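Student: If you scroll down you'll find the structure; I have some questions about it.
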Amino acid sequence: MMKESNGGVSDSVIRKVLVSYFYVAIWIFLSFSVIVYNKYILDPKMYNWPFPISLTMIHMAFCSFLAFIAIHVFRFIELPSSMNGDLYVSSVLPIGALYSLSLWFSNSAYMYLSVSFIQMLKALMPVAVYSIGIMFKKETFKSSTMLNMLSISFGVAIAAYGEARFNVTGVSLQLAAVAFEATRLVLIQILLTSKGISLNPITSLYYVAPCCLAFLVVPWWFVELPRLRSAASFQPDLVIFGTNSICAFALNLAVFLLVGKTSALTMNVAGVVKDWLLIAFSWSVIRDTITPLNLIGYGIAFLGVAFYNHAKLQALKVKEMQKKAQQQDEESGALLDGDKKSENQV
């Protein structure tokens, strides 16, 4: 028999809850670490290595290597059999190009903006995903959803207006990163998910990371290589760049564990917790200036994002109920057919 605690909750339920919290804590810690670590490396006032393309290329090269080892040497995961050359060119290449641009611009924003303000701007992601989804006809226009999107945008606008270190270049870079990432997420649904292909973080890195690395070579050659040659005397710390790359790779594994063991909705809720922790860390440790308008604006945006996630959850529940009802109808129909056949035989 299943043991129950004093409150009547089974030990297995408590264990599942604790395991879920454990995965959430790991993801928050790694996501937090990668963001703060990238800020430390790229910020001119900290480590002062202002080469975001180079840093992104280091991450992609490291992730490509480890994904190759995991698949071909240790054989932890099998590659999808449906992936072929034509599909790679038509689907993975555009997704990889958008991912490279998203990472490049988001990492570049750390040189101009505070960690807290970047997290506030990232609250626009649902707005971008919904808007681009409508453009590609993956989302249907609803006035209530659009009103929700406008409330999120209004909150972010207030936060931007109250930002003490507002920088047009940094804001432009981060907004571009959000737009490219949102387009990438929509294209994944159109080019891969709709074809029945699902990639976990390891196989995603195996296919996408080398693609990103190749796309970044061109801007790196013209934008950063001349500056790196002039700074030839600079000796990068292998410990810093090595641990930073390990954190980036581990974050992808944590995403796989979190979504696989819990749900995407849990990850969204954990992301909100992470954002507030980053804002608190940015204010208390990095000593970034956070104004009351920042908090009011992000609070409005946060409520809008929370409502959006709630609406998505309700829609998923309705879809799941409809699916179960359809299965029950099919099973009932099969039983009736079986009864009729038995009667005919008699």
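Backbone N, Cα and C atoms are what each Cβ position is placed from, and that goes for glycine too.
TrEMBL does not curate its annotations; it predicts them automatically.
Copying in the features that TrEMBL gives for the protein in this structure:
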TRANSMEM  21-41  transmembrane segment
DOMAIN    22-309  domain 'Sugar phosphate transporter'
TRANSMEM  53-74  transmembrane segment
TRANSMEM  86-105  transmembrane segment
TRANSMEM  111-133  transmembrane segment
TRANSMEM  145-161  transmembrane segment
TRANSMEM  173-192  transmembrane segment
TRANSMEM  204-223  transmembrane segment
TRANSMEM  238-258  transmembrane segment
TRANSMEM  292-311  transmembrane segment
REGION    327-346  region 'Disordered'
COMPBIAS  337-346  compositional bias 'Basic and acidic residues'
Student: Before we move on, state whether the transmembrane segment (238-258) and the transmembrane segment (21-41) share at least 3 Cβ pairs under 8 Å, counting only pairs 6 or more apart in sequence.
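Tutor: Answer yes: the transmembrane segment (238-258) meets the transmembrane segment (21-41) with 3 or more Cβ pairs below 8 Å.
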Student: Is the number of Cβ-Cβ pairs under 8 Å between the transmembrane segment (53-74) and the transmembrane segment (204-223) three or more, considering only pairs separated by 6 or more positions?
Tutor: yes
Student: Between the transmembrane segment (292-311) and the transmembrane segment (111-133), are there three or more CB pairs that fall under 8 A, provided the residues in each pair are separated by 6 or more in sequence?
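Tutor: They are in contact.
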Student: Please work out which recorded stretch in 21-41, 86-105, 204-223 has the most C-beta pairs separated by under 8 angstroms from the transmembrane segment (173-192)?
Tutor: 86-105
